[in-house]
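Visitor: So TrEMBL says this about it:
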TRANSMEM  A:12-32  transmembrane segment
TRANSMEM  A:58-79  transmembrane segment
TRANSMEM  A:85-102  transmembrane segment
TRANSMEM  A:130-158  transmembrane segment
TRANSMEM  A:164-182  transmembrane segment
TRANSMEM  A:194-213  transmembrane segment
TRANSMEM  A:253-275  transmembrane segment
TRANSMEM  A:287-308  transmembrane segment
TRANSMEM  A:389-408  transmembrane segment
TRANSMEM  A:414-436  transmembrane segment
TRANSMEM  A:448-468  transmembrane segment
TRANSMEM  A:488-506  transmembrane segment
Amino acid sequence: MKVLIAAGTTGSPALNVSIFVVFVCITLFVVYRASGSSPTASDYYAAGSGFSGMQNGIALSGDFLSAASFLGISGAIAVHGYDGFLYSVGWLVAWLIALLLIGERLRNTGRFTVGDVMAFRMKQRPVRAAAANATLVITFFYMLAQMAGAGGLIALLLNVHSKGGQALVITGVGVVMVFYVLVGGMKGTTWVQIIKATLLLLCVTFISVFILGKFGFSLSGLLEKAAQNSPLGERLLEPGGWYGRNAMTKLDFVSLSLSLVLGIASLPHVLMRFYTVPNAKEARRSVVWCSWSMFTFYLGILIVGYSATALVGSEKILNAPGGENSAAPLLAFRIGGTVLLGVVSAVAFATILAVVAGLTLAASASFAHDVYANVLRHGKADPRSEIRVARLTAIVVGFLAIIGGIVANGQNVAFLVSLALALAASANLSTMLYSLYWKRFNTTGTLWSIYGGLVSGLVLIAFSPAISGSPTSIVQGVDFHWFPLTNPGIVSIPLSFLCGYLGTVLSKHPADPDKQAEMEVRALTGIGAKL
Amino acid sequence: MTRDRQPPAPPPSARAVDDGTAGPFPEAGDRPLCGPSGEPDFAAIQASPEFARLRRRLRLFVFPMTALFLCWYLTFALFSAYGNEFMRRKVTGEINVGTLFGLAQFLTTITIVVTYARFAKKRLDPQTDRIHELVRADAEAGRK
């Protein structure tokens, strides 16, 4: 019976694949057209800062409308109900931090990477090395989540159930992604994001309006049907369906919400997007555009999630290959047949491809610009060799992503992303806020807050039930967990702020007032910020 | 080169017009904003009253607003975790307080986005432009 359901829900693999191939061909063509003959470092990392606020805003939302949002959140809402909804609220509210505190100031201060801002008025080499370490770790976690989504999606859409077959497809996806990055750099990657985000927004808006129409535009009617079709019943619509079991899981929920709201504006690949626009005003405009598309998307995903329960049923979703992550594709199949399923899955694939390309670019920029050019070559690297290193790094990162995708499978991707967000908020947020707004903040404080947040986050995750000792943890069979929460945010984020403060006041080397003046003036006015 | 500027805090600094270097009272904030070769003097800009005004405006908006939306969001998160009784109360049909609370977060977020965009356009951008002009004027004066 289960096999029948699985076979019935995959639609037509040939159609799915051909729609996806058409997408890849179009984007490859765009990437090829967008790439110049001999890109400079600014072209490769920041698309020559030539995008408009609107373009970058849509690409920015594309970076965030990842497999985690589309598949993970719609699945979480479909299966866990209200607690899944919290993800979408957190991810929308989070853009306010980017808008109010970080975006414009970052654009004015840095050039290519997060390390540019963190190291601006500090000792270059140790801070850049720390910033690059944080970027690489965060990006790796985030990438793992995206590739885990790819595995589930392949199982569902291509009817590939053998591990070897899935691995082969993941490898294919990884190779195309690396190709995007190598050929197109930031410009190509941004165009892919714009195309994909537009498709995804149209898709979700279309599905949700269509379904609401089916229920006579009554949200209440939809919710009622969803509750009937879920083993949770009425509790689907109430908080606590996922995290409500006991005091510890409730605390976990709070920790999660904190990571969601503070993590987004700290993700290296999101921050790097602010460099693709010419000035701070355009950076602001991009966040405004991004917020609007997030607003639309997450309202839509709320409908998509609940209607997946209402029309498909959570039992069937959980039993499908890909589990929770298959809610949106199954819903598409239910309402639009094989064609809509093909379109939705192609868009979901495209999403994974585009986001992983963005992550690869962020990681390679961080390694080439911060580690190679500034730490190893003391800031005297030849730009051509810097780009060569960046491209080599992209290949290595792409390889790691493929391996990671093959190894990590089956976890809810939204949950994996929340771990990456906790790390990002712990390592980057405190450091950037202090660096931008606190005069006394110095090199020691910077290092303490980056490493304090990063290391505490990593240690707490390693010894959390996410890794061992629970039925859903990644390592099965052994139990070495002692930290009770799956999400470390509630401890590691405040800890990084505390470390930054202590490091600063205990240090014997005060901040450099001249560099501080330069950074503050530049951050607020853009004076001295050359392209 | 004389420039109209709101009178700085007394005492008036002994500003030498043709002298490109920093005046004797850097904290008075009325020294040229550029060095002798026209490059911006960041410490002088930072100490200038126009910059202080920009910084104050920005911080007075951004910090309270951040505190506000974080508190509002955390209230929502805490209620979701610990206020089940309250959140599950039905308001109309199947729509309960929790769902409305979540949707309210959507509305407040987009309101803050729009408010900040307008505030920045009206109050921050003109002030930033003004500082740019002052620096440019001093750079030209320095070259003469």
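A Cβ is built for glycine as well, from the same backbone N, Cα and C atoms used for every other residue.
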Visitor: Mind pulling out the one from A:12-32, A:58-79, A:194-213, A:253-275 with the most Cβ pairs under 8 angstroms to the transmembrane segment (A:85-102)?
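Guide: Answer, by Cβ pair count: A:253-275.
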Visitor: How about long-range neighbours of the transmembrane segment (A:287-308): same chain, 6 or more residues beyond its ends, C-beta under 8 Å?
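Guide: For the transmembrane segment (A:287-308), the nonlocal Cβ contacts are 53-54, 56-58, 60-61, 64-65, 69-70, 73-78, 81, 84-85, 88-89, 91-92, 95, 98-99, 103, 197, 200-201, 204-205, 207-208, 211-212, 219, 222-223, 226, 317, 327-328, 330-331.
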Visitor: Answer with yes or no whether the transmembrane segment (A:194-213) touches the transmembrane segment (A:58-79) by the criterion of at least three Cβ pairs under 8 A, sequence separation 6 or more.
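Guide: As far as Cβ distances go (cut-off 8 Å, pairs 6 or more apart), the transmembrane segment (A:58-79) and the transmembrane segment (A:194-213) touch.
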Visitor: Of the listed stretches A:12-32, A:194-213, A:253-275, A:448-468, A:488-506, which one has the most C-beta pairs under 8 A with the transmembrane segment (A:414-436)?
Guide: A:253-275
Visitor: How about the transmembrane segment (A:164-182) and the transmembrane segment (A:194-213): at least 3 CB pairs under 8 Å, pairs 6 or more apart in sequence, or not?
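Guide: Taking Cβ pairs at least 6 residues apart, the transmembrane segment (A:194-213) and the transmembrane segment (A:164-182) are not in contact, as fewer than 3 fall under 8 Å.
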Visitor: Checking distant contacts: for the transmembrane segment (A:389-408), what same-chain residues at least six beyond its ends satisfy Cβ-Cβ under 8 A?
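Guide: Distal contacts: 44-45, 139-140, 143-148, 150-151, 166-167, 170-171, 173-175, 177-178, 181-182, 356, 359-361, 363-365, 367-369, 372-373, 381, 416, 474.
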Visitor: Taking a Cβ cut-off under 8 Å, which residues six or more beyond the ends of the transmembrane segment (A:130-158) line up next to it in the same chain?
Guide: 9-11, 13, 16-17, 66-68, 71-72, 113-115, 118-119, 166, 169-170, 173-174, 267-269, 320-323, 325-326, 329, 341, 345, 348-349, 352, 355-356, 359-360, 362-363, 366-367, 370-371, 375, 397, 400-402, 404-406, 408-411, 413, 416-417, 419-420, 423-424, 427-428, 431, 446-447, 450-451, 453-454, 458
Visitor: Report, as numbers and ranges, every residue of the chain located at least six residues beyond the transmembrane segment (A:253-275) whose Cβ falls under 8 Å of a Cβ in that stretch; write 'none' if there are none.
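Guide: For the transmembrane segment (A:253-275), the sequence-distant neighbours (Cβ-Cβ under 8 Å, at least 6 residues beyond its ends) are 45-46, 49, 56, 59-60, 63-64, 83, 86-87, 90-91, 93-95, 97-98, 101-103, 106-107, 110-114, 134-135, 138-139, 142, 186, 190, 242-244, 283, 286, 355, 358-359, 361-363, 365-366, 418, 420-425, 427-429, 432, 485-491, 493.
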